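So the structure is just underneath, and the comments pick up after that.
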Amino acid sequence: MSGERTQSALLGALGVALMLGAWEVIGQNRLVGMTWPPFSSVMAFLFDPSRQALFSRALTATLGSAGLGYLIGGLAGLAFAMLGQILPVLRPGTDRATAVIHAIPSIALAPIFIVLLSREAAPTALAALNAFFVFYVAGASGFASSSQTQRDLMAALGASGTKRFFHVDLPAAFPGIVSGMKLAVPAALIGAIIGEWFGAPRGLGILIVNAMQNFQIPLLWSVVVLAATTSLVLFSAMTLLERIVHERYR
Amino acid sequence: MSQSATANGPARPSLVGRIGRTLLNFWGIALILVLWEALVVLNDFNVIVMPRPWAVFADIWANPGLYLQNFMQTAWVAMGGLVLGMIAGTTIAVLAWSSRILNGLLTPIGLIFSSIPVVAMIPVLARMLGYGTETVLAIVAILSFFPFFVFTGSGLKLLPAGSADLFSVFGAKKHQRLFHLALPSALPNWTVALRLASANAILGAMVAEFLMGTSGLGQMLHAASQAFNTERALGASVCATIGSVTLFVLVVSLEARVRERWT
């Protein structure tokens, strides 16, 4: 069993190495043209000491907006899911409203948030909106996963809807919510980055869109790699947390 | 849901009940529209900053041809990209299933791409492939590829208990195993991928069109906001929202049917 696991880990590492190798070879030989830089030159650009201040300032700004939005959106999404669970009459309405909110294009909302809030707050608001959807879906399906028998028992013992919610539905939803916490990481980052496209003072998003428009190919790739790596690291941390919780609640 | 209908007496025509049910289903959406209206009126925004909801719907009503043309452009590209991503993702997942080495090589790459903000890569793809409709198609295909690859891949391994042994006992060939066991078992997971990808197809297409300013609803939004025509910009967004929700609802009902047959 553990031999099989080592083998698949080795194969996986080889797969990633092959991908990076292909990236390098295509870039070195200009197989796709000037817009595909080799992996090594993107790394050199990314780790150039003279650009550390630029990248760390942008990353801090984006992580700040995404993190705050993640918290706000997460709490709001869970609260909205809770509303539908405690008062089941409202459930069809909450489902449809979240689906519609999720379907509104972020690029349409960004200018509205800039007017209503500010340039600085638009990335946070979009991150919150994206996280809201993921947390709502995770919460709503999680709360509903408590078994009918458990709910009947609570009803027979004369527990109120609220009491049942906190003693049965909420613990049952916990593994689902933790999975939502994981999936909301890239969602919140996308929200923050798109929000920054519309003229935030700093952040990864504004670097991406400026680099695209000004044909600064190494900068464009470096920032996208930075955003992807950040998301990957946070996502992996959440996957570990998810594994622990799923073991505990099985 | 039928409680409100019976409360008003079964003898009465169900008009009140029907209104009640509609309210229960759509109170959230109605609330969004009311909040939007209230926001504009209370802050006394002018039409450039933010028009009232009815003004946006009136603009759509007054220019059906323009909206329809752009909507169809975006919808076709989004659907085309969705189908391309679906074919590529499913095919590669099946190839990975058939070979342990390929599976080991590809699985982590699939996981990496499904845990990063792929939308942030649209500018890279736009620069690489050039500004044009084909690029929008490719972007939607790439966005759709990863859910299909990851979910089909995990679905192909979700076999009913004991079924794999049964197939071995009867000496089934690999292709029989694929078509009679693995693919049917993967179908519920595959519909989850379809749901995820379809929710993002129109939005992904619109972001790409917006950034490149090429065609469709995204270009319409871009041009309208450059011209301070906020009504039209929001109208384009309303169309995208309606299209996205419609596609999503179609897919969810398809998924429910699949679930019914398969479980």
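Numbers run from 1 along the shown chain.
Cβ atoms are placed via backbone N, Cα and C, with glycine included.
Just so you know, TrEMBL annotations never went through curation; they're auto-generated.
Fair warning: this is a prediction, and the values are worked out from it, not measured in the lab.
TrEMBL has this to say about the protein:
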type	residues	note
TRANSMEM	B:22-42	transmembrane segment
DOMAIN	B:71-251	domain 'ABC transmembrane type-1'
TRANSMEM	B:75-97	transmembrane segment
TRANSMEM	B:109-130	transmembrane segment
TRANSMEM	B:136-159	transmembrane segment
TRANSMEM	B:192-213	transmembrane segment
TRANSMEM	B:233-254	transmembrane segment
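Residues 103, 106-107, 133, 136-150, 152-153, 156-157, 178, 182-183, 190, 193-194, 197-198, 201-202, 204-205, 216, 243, 247 of the same chain, all 6+ positions outside the transmembrane segment (B:75-97), place their C-beta atoms under 8 angstroms from a C-beta of that stretch. Three or more CB pairs closer than 8 A are found between the transmembrane segment (B:109-130) and the transmembrane segment (B:192-213), so contact between the two stretches is assigned (pairs 6 or more residues apart). Long-range contacts of the transmembrane segment (B:192-213) within the same chain, counting only residues at least 6 positions beyond its ends with a Cβ under 8 Å from a Cβ of the stretch, are 74-75, 77-79, 81-82, 85-86, 89, 119, 122-123, 125-126, 131-132, 135-136, 139-140, 143-144, 147-148, 150-152, 219, 221-223, 240, 243-244, 247-248, 250-252, 254-255.
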